[in-house]
Amino acid sequence: MSPAKRFAAAAIVGLALLPWLWHGWLAPPARMPAWLAAGLHMSPMLPALLLLLARRPAAFFWGAVAALLLFSHGVMEAWASPTARVPALAEAALAAALVLAASWDGLRARAAGRAPGRSRDV
């Protein structure tokens, strides 16, 4: 696994764990149980996490797709809620890093003038 893919895997795990930290400890919701808020918040990253556990290369693509949604959520929460600004900005930063890391090998291959190809390792 390339260093970019390892970083992307860490970002997928981080984005799956951050809602539990956010809603369970840093800024618990007032109107619903913390476990429900964290579970719903984590649900877009669940397919990528399951694919990552199965060591499937598609995990990085689906993680990057979910990261686009989580990036938007993080920016919106950072703007709207001063009490949740730190975890929201962490979510946006992790999501942006995941998109970049998941795309890094293909971007590097394109810059070198060769076809990205499919990697045999995850």
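Counting starts with 1 at the first residue shown.
Backbone N, Cα and C atoms are what each Cβ position is placed from, and that goes for glycine too.
The transmembrane segment feature in TrEMBL is assigned to 7-26 (among others).
The transmembrane segment annotation in TrEMBL covers 32-53 (among others). Residues 9, 12-13, 15-16, 19-20, 22-24, 59-60, 62-63, 66-67, 69-70, 73 of the same chain lie 6+ residues outside the transmembrane segment (32-53) yet bring a C-beta within less than 8 angstroms of a C-beta in it.
Here TrEMBL flags 60-80 (among others) as transmembrane segment. Residues 5, 8-9, 11-12, 15, 41, 44-45, 47-49, 51-52, 87-96, 98-99, 101-103 of the same chain lie 6+ residues outside the transmembrane segment (60-80) yet bring a C-beta within less than 8 angstroms of a C-beta in it.
Annotated transmembrane segment per TrEMBL: 86-104 (among others), in sequence order.
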